[in-house]
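As structure tokens, the structure follows; a few thoughts come after it.
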Amino acid sequence: MAYIPDGGAPTAGAIPLGSQCCVCKVELSVSGQNLLDRDVTSKSDPFCVLFIEDNGRWMEFDRTETAVNNLNPAFSKKFVLDYHFEEVQKLKFALFDQDKSSAQLDEHDFLGQFSCSLGTIVSSKKITRPLLLMNDKPAGKGVITIAAQELSDNRVITLSLAGRKLDKKDLFGKSDPFLEFYKPGDDGKWMLVHRTEVIKYTLDPVWKPFTVPLVSLCDGDLEKPIQVMCYDYDSNGGHDFIGEFQTSVLQMSEARDGVPLEIECINPKKQRKKKSYKNSGIIILRSCKIHRNYSFLDYILGGCQLMFTVGIDFTASNGNPLDPSSLHYINPMGTNEYLSAIWAVGQIIQDYDSDKMFPALGFGAQLPPDWKVSHEFAINFNPTNPFCSGVDGIAQAYSACLPHIRFYGPTNFSPIVNHVARFAAQATQQQTATQYFILLIITDGVISDMEETRHAVVQASKLPMSIIIVGVGNADFAAMEFLDGDNRRLRSHTGEEAARDIVQFVPFREFRNAAKETLAKAVLAELPQQVVQYFKHKNLPPTNSEPA
């Protein structure tokens, strides 16, 4: 049975659930019981997909792993969401039987779904509900259980493990070992926390290091027991038990690089039957590192300032500002699309800058007295002090400069990008997470210096800097989408790849009839992630942060 979510095919990647500077994150654990059996010769191979409602459309957020040949799966992959008390966050959990390796959901059999708000799950802590068909009628079989846990502890643990001389389980070959980690649940039963990858054809596996939130592994309690199970993978889902052991984070933390911790893997049945039994192999904990996974809010609370600069397009294609058809025409309500974009972004960002003094620059205009074209001028006509006091100051300087300049061209972005990048480069000399620069460019048309702009953006991607581009009017903004590296990483004309995606482009026309906060959410959606990504890459913790 094919499945297409309401509103069309899902969008890959995570959808930001509002602002990322919320108070807490919530982790959702999903399991299924008595699911429909869609396979003829074996049991279903279920996986769960989480959709989030965004502007009336269901958008794919994430997927669990596939539980092979299992009608009662407990998925080790968790869904981690930002929780906002003031918003109704609608969620849909859909279960599928994996038939092919395709990422397209209509290639898999639909097993059922359940929809509710995040608040419903959080207030109940754990809910169990019957699965429904797409028409909201009962699926006939199968229930879903969703448990919520607040991730208020931002510590994460990275474990690197290996095995030595594990029991051979395959008749004509060696074992295909993997590990499962469990913690005690509230109901007294062991709860699956993490499953490693399978290492094929070996009795001496080396697993990839993995990182999980400390609260997921042990509820933040370093002494809480952790059960580790070792299995030999079987493609039909009937994995062979190799052995087990119990440990704790406190014990595992004894392992350091160069000083591994070795733990015997015990099969209790073999131990009872054979007096000569020693173990079923050794699990080697090569390293255990606990560190903090800092959030955007951690950096803001740590004193990081968001340094905001506005760049405004004054090219002739905007039209004469005295003409009501001009994009720079200020209507009787005292606004236009340029001012709306400045207000939408600036009103939020100004709260994160203590002095609220923002440079406001223009490009593409001829300036008095000699009427030379400039692509990097202060709109208050004070090149030594281009700062405006708050968003109000930017709006006032913008309105005041319109009668005194001549709109011209071309539409060159690179001078303003390089202008802000120079200040961002100076900030890196401090080697602290105290400043992050945001450039808002508002423009009506096609970039003239695309080659130079690509190079400037690639260089800026190495700095504490993000670029927001708001396109006003009805021009073709295909080039802007190219700079916004959501689908593929931007490269300069020399072939150098951007260190990270720092450009967010939004066409204003999509928000003309929407609430003003809608534009702000869209424009600022990627910013918290970009801030964290930069400081994390540079190994810069928030100032005054506590050790893990």
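The backbone N, Cα and C atoms fix where each Cβ goes, glycine too.
Per Swiss-Prot, these features apply:
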DOMAIN    6-131  domain 'C2 1'
BINDING   D39, D45, D97, D99  Ca(2+) 1 binding site
BINDING   D39, D97, D99, D109  Ca(2+) 2 binding site
BINDING   D99, S102, D109  Ca(2+) 3 binding site
DOMAIN    138-263  domain 'C2 2'
BINDING   D170, D232, D234, D240  Ca(2+) 5 binding site
BINDING   D170, D176, D232, D234  Ca(2+) 4 binding site
REGION    247-304  region 'Linker region'
DOMAIN    305-507  domain 'VWFA'
Segment proximity, the domain 'C2 1' (6-131) to the domain 'C2 2' (138-263), 3 or more C-beta pairs under 8 Å: yes
Binding-site residues near D109 (Ca(2+) 2 binding site) (Cα-Cα within 10 Å), from D97, D99, S102: D97, D99
Between D99 (Ca(2+) 1 binding site) and D176 (Ca(2+) 4 binding site): CA-CA distance (Å): 23
Other C-beta atoms that fall within 10 angstroms of the C-beta of D170 (Ca(2+) 5 binding site): 13
The one of D97, D99, D109, D176 whose CB sees the fewest other CB atoms within 10 Å, among these binding-site residues: D99
Cα within 10 Å of D232 (Ca(2+) 5 binding site) - qualifying binding-site residues among D45, D97, D99, S102: none
Nearest of the binding-site residues (D45, D97, D99, S102) to D240 (Ca(2+) 5 binding site) - Cα to Cα: D45
D45 (Ca(2+) 1 binding site) versus D234 (Ca(2+) 5 binding site) - Cα distance in angstrom: 13
Other residues, Cβ within 8 Å of D170, D176, D232, D234 Cβ centroid (Ca(2+) 4 site): K169, S175, P177, Y231, Y233, H239, D240
Alpha-carbon distance [D170 (Ca(2+) 5 binding site); D99 (Ca(2+) 1 binding site)] in Å: 26
